[in-house]
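Read through the structure below, which is laid out as structure tokens, and then see the notes.
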């Protein structure tokens, strides 16, 4: 359902799920200790031109590959599905085909949690199945039933294949921006709710409820479940804030600085969301950033119209990468009051892209125009740093570094 070329509006297509209740799922037998179990996956994709990072998940028996968009801003994992399909987009792999014995019944605790978070629109027409409907901010949606099937997880010693609950989507509506061929088969929901895949793995005693990703500016990167990969030092940690609306990963409010000078805007409520390609600031900080950027540019850069993003500049010759032009721009910083000396640096390569037209464009968009009431740190700003969502200790962390290591080399480096 995700578009392959992100317009400012289309970038919200998979940004925000309706918040899900964090009702505990059905207790599972603790089959193994999660204290030293971590699954690591290779990522593909990039901010531009792909518009997202995705992982290959092998699902079913026999296992078949599916490309899933990595989304820490939503809980439910779902695949486009032949149930039969009422309205599906063209996807990279044959549609997942469910069997009746895989249906999750309406009385299941995960079904209850899903419905309680989505209001009265989700009812079970039959006690034998759990129906769902998800609506996104641009009016896109997915409708289907919950399924339980095997997921192949690459662990250090071997692959394991736990049964996990996810959505079988047989009706996808693309929203206001039209449809192009989807580069993915579905969504990988890694949010804080009990239906999230990492919450289910914790309930089954397979991994700790910790998820992290490292997105490379060169494309690709890695994703992990569990805490073995988390560095013992160099990580900036902040406590997770409890948001009043939406169960999203938030470090709380941050003060925005440009070139180490305060922009004079009030502290911003921030959410980390890997399901958003770009970063979104609400009107006041967005306008402050734009003014500061324009005020510091040399005359060699001229503002130009580019269909990729709203604000772009051209140079005396076409740019090939952000590194050709980064010296024209300054770093930003977000300083969080919830922890001492906790700041995230946002260098130019974490807020700019160079388009196929050779222009440099601002990858921070106006969130108020997109009807957001808070600020979203998207993929572009999380590149080239490990970002850790630690639900065990209710903290968020980040550590700058290259994200080019292979999943295989990371698994082999475990003690």
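Yeah, the Cβs are placed from backbone N, Cα and C, and that goes for glycine too.
According to TrEMBL, the features are:
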type     : residues : note
SIGNAL   : 1-27     : signal peptide
DOMAIN   : 53-399   : domain 'Peptidase A1'
ACT_SITE : 71       : active site
ACT_SITE : 273      : active site
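Neighbour density for residue 71 (active site): within 10 A of its CB lie 27 other CB atoms from the protein chains shown. When Cβ atoms from all protein chains are considered, those within 10 Å of residue 273 (active site) total 25, not counting its own. Between residue 71 (active site) and residue 273 (active site), the C-alpha separation comes to 7 Å.
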